[in-house]
Amino acid sequence: MAGGAMVQTVGGKTYPGKMTAFVFFTCLVASSGGLIFGYDIGISGGVTSMDSFLSEFFPSVYAQAKASKDTNQYCKFDSQLLTLFTSSLYLAALATSFVAAWVTRVFGRKWSMFCGGVTFLAGSALNGAATDVMMLILGRILLGIGVGFANQSVPLYLSEMAPANLRGMLNIGFQLMTTIGILSANLINYATSSIEGGWGWRIGLGLAGVPALIITLGALVLPDTPNSLIARGYAGDAKRVLVKIRGTDDVHDEYDDMVAASEEAASIEHPWRNILHRKYRPQLTIAILIPCFQQLTGINVIMFYAPVLFLTIGFAGDASLMSAVITGLVNMFATVVSIISVDRLGRRVLFLQGGTQMFISQVVVGTLIALQFGVAGVGEMSRSYAILLVLFICMYVAGFAWSWGPLGWLVPSEVFALEIRSAGQSIAVCVNMMLTFVIGQAFLTMLCHLKFGLFYFFAGWMLVMTTFVALFLPETKGVPIEEMNHVWSRHWFWGSYVTAHDVAGAGAGGGGNRRSHNV
């Protein structure tokens, strides 16, 4: 495939190479790890809105859901056990992220992806065959282990395989696959909800094994990244892979920089302690705040509970599932916009535009719900009013899909120096999963108590995070990850933490961010 022939670095170097069919294929296969993440997000919200599923496992919630329209609509799905079914996955992923970091470092990126696929496959089988709530939650825990491995290894794999000038586009492949997984799950929910006998939810939960099988088999045929191979002592293999993915034999400079970076990283004995050093303060801040902010957009509760949310605000069963399909389509196509524009417009432009759009949409959605249901939560919507509400929810989803969705994974994966990279990525995944669990577990209760104010709550956070990006996030478009320290040293605020001495000390490779050699 055609691509950029030279990659310009901040430090003035150029690495020869182009976008090859081989690197595109490997990144496409690796990105399928996002399918397991996205499929679960979509399927869990759908099955928890199905009468047959609720009546079998959550009868008290089923009774509330069937209550009269004269009762408080905000609270009819409020159940900690029901939310635990959804959010237990992310608690398991949180705990797994530290083990996954070690596996990713010691055995390589591809085998971490393989572990994720196998455990997700086991979890999907258990959920599809579940006969009680404990089987459901145990299956969710296995799914969470799979997600923990995939989210640790796939973003690193994509960042390390991609040429610097196309890193954003290829890395966002993970988010695109996530949106495809969500859309596929929404379509399956819609198709299986009307199956006679009430066992359609088993199909939805069991079919999670399909994306798990794709990433499992894909991991077996993928090469590992040159960075990981060098770090594990396979220098010859690393150079052969680098030649193949760059489409040229002239990879000496890039290879030498990788080796130098690996040697410096190998000398670091305590990366978890070192990440607290002053010169890594910018990266540590990004590792914590970007995934934290990503969840505080409120997107995952929209995606988890889209059918439940639409039922809450007055949609019929089939209409709520179809509305979730519509938001899934918007999510997928808007992610394509991000793929096309991220390496042209840059990260900051997408963050700022998307954040502004999401803020406006959240305020409008909250206001529309307030006008219709008020504080009491009693009322019904006309068809035209419902269409208007879905329109603004779709605007919100689109804003997320070309900004905080893909960039929330891309930016943390590309900013770390090599010697702290695995520790940094683990922190990013850990924070993401922790906030996903907390917000997912609390959402239905928050909806019950905050009512329409919940959307204003998330809108307020949109203001905070958009301001943070405007002031404190430098542009990383087109910057090779070995040269990322230059970006921090030239920033108006972070330059006081990353000095010229730190940049010089990074040398050709020490400032790199392509590997997670040490945990």
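Cβ atoms here come from the backbone N, Cα and C positions, even for glycine.
Per Swiss-Prot, the features are as follows:
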- 1-18: topological domain 'Cytoplasmic' (TOPO_DOM)
- 19-39: transmembrane segment (TRANSMEM)
- 40-80: topological domain 'Extracellular' (TOPO_DOM)
- 81-101: transmembrane segment (TRANSMEM)
- 102-110: topological domain 'Cytoplasmic' (TOPO_DOM)
- 111-127: transmembrane segment (TRANSMEM)
- 129-149: transmembrane segment (TRANSMEM)
- 150-167: topological domain 'Cytoplasmic' (TOPO_DOM)
- 168-188: transmembrane segment (TRANSMEM)
- 189-202: topological domain 'Extracellular' (TOPO_DOM)
- 203-223: transmembrane segment (TRANSMEM)
- 224-295: topological domain 'Cytoplasmic' (TOPO_DOM)
- 296-316: transmembrane segment (TRANSMEM)
- 317-321: topological domain 'Extracellular' (TOPO_DOM)
- 322-342: transmembrane segment (TRANSMEM)
- 343-357: topological domain 'Cytoplasmic' (TOPO_DOM)
- 358-378: transmembrane segment (TRANSMEM)
- 379-386: topological domain 'Extracellular' (TOPO_DOM)
- 387-407: transmembrane segment (TRANSMEM)
- 408-426: topological domain 'Cytoplasmic' (TOPO_DOM)
- 427-447: transmembrane segment (TRANSMEM)
- 448-451: topological domain 'Extracellular' (TOPO_DOM)
- 452-472: transmembrane segment (TRANSMEM)
- 473-519: topological domain 'Cytoplasmic' (TOPO_DOM)
* Please work out whether the transmembrane segment (168-188) lies in contact with the transmembrane segment (111-127), by counting C-beta pairs under 8 angstroms that are 6 or more apart in sequence and asking whether there are at least 3. => no
Across the topological domain 'Extracellular' (189-202), DSSP labelling yields 7 helix, 0 strand, 7 coil
Other same-chain positions with a Cβ less than 8 Å from the transmembrane segment (19-39) and lying at least 6 residues past its termini are 1-4, 113, 116-117, 120, 143, 146-147, 150-151, 153-154, 157-158, 161-163, 166, 170, 173-185, 207-208, 210-212, 214-215, 218, 221-223, 244-247
Note: vs the transmembrane segment (111-127), the recorded stretch with the largest number of Cβ pairs under 8 Å from 81-101, 203-223, 322-342, 358-378, 427-447 is 203-223
The answer for the topological domain 'Cytoplasmic' (343-357), taking Cβ pairs under 8 Å and residues 6+ beyond its ends, is 165-169, 395-396, 398-400, 402-404, 407, 410-411, 462, 465-466, 469-470, 473-478
Per the Cβ filter (under 8 Å) with a sequence gap of at least 6 from its ends, the transmembrane segment (203-223) is approached by 26, 29-30, 32-33, 35-36, 39-40, 43, 46-47, 110-111, 113-114, 116-118, 120-121, 123-125, 127-130, 139, 143, 146, 150, 157, 181, 185, 188-189, 192, 195, 241, 244
If one takes Cβ-Cβ under 8 Å and requires six or more residues beyond its ends, the residues near the topological domain 'Cytoplasmic' (102-110) are 149, 152-154, 156-157, 160, 219, 222-225, 228-229, 231-232, 422, 516-519
Sequence-distant contacts of the topological domain 'Cytoplasmic' (150-167), meaning Cβ under 8 Å and at least 6 residues beyond its ends, amount to 3-4, 7-9, 15, 17-19, 23, 26-27, 30-31, 33-34, 36-37, 93, 97, 100-101, 104, 109-110, 112-113, 116-117, 120, 173-174, 215, 222, 225-228, 245-246, 343, 409-410, 412-414, 421, 425-426, 429, 432-433, 478-481, 513-516
